[in-house]
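The following features are taken from TrEMBL:
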ACT_SITE  18  active site
ACT_SITE  36  active site
DOMAIN    3-92  domain 'Acylphosphatase-like'
């Protein structure tokens with residue numbers, strides 16, 4: 001199992017990005033959470049099988065087209081540390 005912490009920059013709020021993230025997470029068996037940040041970015045913490053986490057990260061880089069415009073995804077950690085999430089949540 002791998003855990004990744006992402007910060008997504010660009011036009012990523014008000015465009016269905018959190019909903020898109022949850023759909024992709026559920027499709028790929030990813031657990032964790034997503035939330036909007038006050039600075040206009042989106043923060044994600046996700047864990048799952050290594051290959052699924054890598055594919056999930058690639059989907060996040062695309063975003064929900066054509067509405068979102070992802071400029072950059074900062075991967076602040078990619079580790080074996082498990083947080084033990086039970087599902088994937090959209091935090092408000």
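Cβ coordinates are placed from backbone N, Cα and C, and glycine is handled just like the others.
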If you measure residue 18 (active site) to residue 36 (active site) at Cα, how many Å is it?
8
Can you tell me the mean pLDDT for the domain 'Acylphosphatase-like' (3-92)?
96
Secondary structure tally of the domain 'Acylphosphatase-like' (3-92) (DSSP, helix then strand then coil):
25 helix, 36 strand, 29 coil
Distant-in-sequence Cβ neighbours of residue 36 (active site), under 8 Å, six or more positions away
13, 18, 42, 43
